[in-house]
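Copied from TrEMBL, the annotated features are:
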type	residues	note
DOMAIN	181-345	domain 'Malic enzyme N-terminal'
BINDING	257, 462, 506	(S)-malate binding site
BINDING	330, 331, 354	divalent metal cation binding site
DOMAIN	340-575	domain 'Malic enzyme NAD-binding'
């Protein structure tokens, strides 16, 4: 029994379809040839193997020496949604599937296949069908109980970084969780989904930044691609070294501005463009795994070298994965980030959650003001003032400003200190995205509280150490009147007998739903109106009960529901703007988004 494709399987009676939304007809060759040259260990088990014939048909060679020919149509018959949309997330379907892809049946190998292994959750019938008897203890344990066991094991660690490392060991199939747990990707993601509020601060900010710093030079197995200047001229071939071919989303970084931690070089995945590092500690570290050279930036003499590598990468991605592959630029420094987004935003499906935060936040607020009030965009921008390291951004500084700051240079006298800018501008909302910790001082927060009954204070910089102020500081200095949100999580704060629950405002809310909406609509470009649609959808998920608790974001435990609504709104906007290619438009976009989401529940095997 071997698989021609994740959704097309061969048994000793021919070819049978799976629960996938498409299947092959038995006529001609599949798109890709399948060559298997060895049989598994169960040679007396009526096992078989496919080989390629000279006449381009696939022949099944059985153990008894007989053979049969299976001809497969290269054009799949679509029986549900489009072929290229999450067809592997079939766990939500009721039909049975066969747990092999391009390999001969073997219970021993199945237990070491992270995509299909279920550990002790294999039922009695499956243990008989897939030669698992004796390879597992006799007890059958559900996926839910496996998750419970993992959480008990993880919770024994008190330090978040220790929890993170325990989870990474689990993902890599370490032996720290015997006997219930084995290498198993569905179990790992179900763990995250079922315990998202508790584990998000462990696998995301602030813990992940500390893990990159302390363990970035440990290479255990490829979980992404390292593309360096050494691969210049060969990136197309490098991308083909990655085993999966149906890639829909790529997150890429050059490691220059990771969180608020700065240049971490070649220590962040899934796709790292390694152009060197200016981090002296890494350059002097004998264990550093990246290019040991000064960073090729997008500036001065290195401009051409850097630009050529990125251009080759962007072209190779489209050549390998098609027009609709979504590329997220992550943690690029501003001097490269803005240029990359401007250059490729018109030719590729791209976004950058960092700069489409920052000044991007200001632009989106201005766009929304303009949209709601019919005010010209230039006038709407005047409702928003920006402060950088040199003080208030004003017209008298315009010649020295970076290009992305110039639209925000208003007519105002120069002001150096933030507290003076607050008193001079009299804002209702204070948003921090500087990456510089403790810039919202006691004087600044008190000034906001003096001007507003409910001062809105967002300390969005990550990780926690770089937050502009803490939740406790915001609530205490404002005498419990602040509406507060932060990029990294803070514990609830008790002030004068009342408990305040800080909101967490980071890209984990918006961008998974944005990405899903782009993919499920087949969008070919990202438009600012899509980001506005995502924001409005998120705001609509906040209930009065949330407001009563001081929350301005919905609880993160509902993130899958939230993401489905965001995805639906983004997809609807893509169809409205004529940027969607997946036709016809589904009638119920929310339900369609839920259908497209990955379901980590175990599949039942035939």
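Using the three backbone atoms N, Cα and C, a Cβ is placed for every residue, glycine included.
Same-chain residues that are not part of 330, 331, 354 yet have a Cβ within 8 Å of the Cβ center of the divalent metal cation site turn out to be 253, 257, 258, 329, 332, 337, 352, 353. Recorded residues residue 331 (divalent metal cation binding site) and residue 506 ((S)-malate binding site) have their alpha carbons 14 Å apart, per Cα-Cα distance.
Residue 257 ((S)-malate binding site) sits 9 Å from residue 330 (divalent metal cation binding site), taking the CA atoms of both as reference points.
In this structure the alpha carbons, written CA, of residue 330 (divalent metal cation binding site) and residue 462 ((S)-malate binding site) are 14 Å apart. The Cβ of residue 257 ((S)-malate binding site) has 21 other Cβ atoms within 10 Å, all protein chains considered.
Same-chain residues at least 6 positions away in sequence with a Cβ under 8 Å from that of residue 354 (divalent metal cation binding site) are, in sequence order, 257, 329, 330, 331, 332, 337. When pLDDT is averaged over the domain 'Malic enzyme NAD-binding' (340-575), the result is 92. Taking the binding-site residues 462, 506 in turn, the residue surrounded by the fewest other Cβ atoms inside 10 Å of its Cβ turns out to be 506. All protein chains shown were included, and the count of other CB atoms within 10 Å of the CB of residue 331 (divalent metal cation binding site) stands at 22. The Cβ of residue 330 (divalent metal cation binding site) has 23 other Cβ atoms within 10 Å, all protein chains considered. Of the residues the record lists as binding (S)-malate, namely 257, 462, 506, the two whose Cα atoms sit farthest apart are 16 Å from each other.
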